[in-house]
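Structure, as structure tokens:
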Amino acid sequence: MFKFALTLTLCLAGSLSLAQHNPHWWGNRNTIVHLFEWKWSDIAQECESFLGPRGFAGVQVSPVNENIISAGRPWWERYQPISYKLTTRSGNEEEFGDMVRRCNDVGVRIYVDVLLNHMSGDFDGVAVGTAGTEAEPRKKSFPGVPYTAQDFHPTCEITDWNDRFQVQQCELVGLKDLDQSSDWVRSKLIEFLDHLIELGVAGFRVDAAKHMASEDLEYIYSSLSNLNIDHGFPHNSRPFIFQEVIDHGHETVSRDEYKDLGAVTEFRFSEEIGNAFRGNNALKWLQSWGTGWGFLPSGQALTFVDNHDNQRDAGAVLSYKSPRQYKMATAFHLAYPYGISRVMSSFAFDDHDTPPPQDAQERIISPEFDEDGACVNGWICEHRWRQIYAMVGFKNAVRDTEITGWWDNGDNQIAFCRGNKGFLAINNNLYDLSQDLNTCLPAGTYCDVISGSLIDGSCTGKSVTVNENGFGYIHIGSDDFDGVLALHVDAKV
């Protein structure tokens, strides 16, 4: 009997963790966008007017819980909780719930960035949060939850990143480190996440996951409610979990400890794709992209060119500040069948602490758009760049197909098919790509969705005529505005 019960428990745990890798996308949609620091009312409108019609699968939103108010309102104040009240500069609980409902209604899922590792860092005196709640972080007193000093690990600093104890029980950049093994802390975290599930979210991005013991997270995840069927989720659906674990391959706390609990952010993907498209590694080597590069298995990897943290760091990572290379890297990211894809939607920044666009009263302002739909008032909105949202459509069109017909010039010109549904070519050399290539597509004329669109039966940009053998003449000039060309069956004239 004991053996049967143990087997049943292990089977249930395994099925729960497997279910936590399912992002619950509608239809053939399969790309998440991070609308970093957007207001809830603006996200709701964006779901209805742009994301839904363009085939985006979901939105990662900024932290929803009350946070400390920091001078100048830097973006990172959102990562310093004061309570679990749903009031931030993005809006209140009513506005959040309205956004979730409206986005779900048009097939766009919501994933919340959640802070389970810590509360706010030190603050002189009494800190006031975005919902008006008072706290004394230096005393580890957070009455809005409530938490007291006994709910935290003893104060210590991380000085040795190879020391598991320090990484998981000391304070990350001075943030008060919660004790997730405590029954009270677990209950408050589960209560917070369950409230968001009741409001209709599809899952969570777990910030600083590597700073929490995997067994504590496993307990918390397995204790969560199923997703709310009133928002279109099937019965017994589990929340999608993706966890921030920075692992460059030599970490004491490894991504492998978390990959079975949910997806894991594959930071090596971001670094290596930046290296390649900056010219530090020939694109020809991308043929074995994915697990061939030592990355996580595809279904366990949350992939991205950049995120809100590493776009602010020096190094190989590409961001909107290198637009030509960034668009090529994003096209490859969305065309190559590896990982659970997320694209970034940023605001402009000059330094690490730049706040989101705000008015004189430090209220976040709504994005404004020009006649082409691009953002103009401090919001970058990469997801509205034609070269990026067109590749979201490409990714939808080729879903469930594999790479075929890989071609390269032995250097930085590459091309490949996705079954017989799509074709991508990239030129990162300083000379033209001019070649008859096998597109694997049925005969006909196709619009290049990078340089233009299919409108009223004609292409506004380049077009490629494919013959009966699937071949077409591909030209990407070294000085073309974009170094990439993409064709797919839904853009056939």
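Using the three backbone atoms N, Cα and C, a Cβ is placed for every residue, glycine included.
Just one of Arg238, Arg268, Arg278, Arg342 is listed by Swiss-Prot for the same chloride site as Arg205, Asn307, and that one is Arg342.
Same-site candidate for Ca(2+) binding, as annotated by Swiss-Prot with Asn117, Gln168, Asp177, chosen from His211, His231: His211.
Of the cysteines listed (Cys440, Cys459), Swiss-Prot assigns Cys459 as the disulfide partner of Cys447. Fewest Cβ neighbours within 10 Å among the disulfide-bonded residues Cys103, Cys381: this applies to Cys381.
Looking at the residues that bind chloride per the record, Arg205, Asn307, Arg342, the two CA atoms farthest apart are separated by 12 Å. For the disulfide-bonded residues Cys47, Cys375, Cys440, Cys459, the ranking by surrounding Cβ atoms (within 10 Å, all protein chains) places Cys47 first. When the alpha carbons of Cys103 (disulfide bond) and Arg342 (chloride binding site) are compared, the span between them is 17 angstrom.
Note: the Ca(2+) site is recorded as Asn117, Gln168, Asp177, His211; in the same chain, His118, His153, Val167, Gln169, Cys170, Glu171, Leu172, Leu178, Gln180, Ala208, Met212 also have Cβ atoms within 8 Å of that site's Cβ centroid. With respect to their backbone Cα atoms, His211 (Ca(2+) binding site) and Cys170 (disulfide bond) stand 9 Å from each other. DSSP classifies His211 (Ca(2+) binding site) as helix under the three-state reduction.
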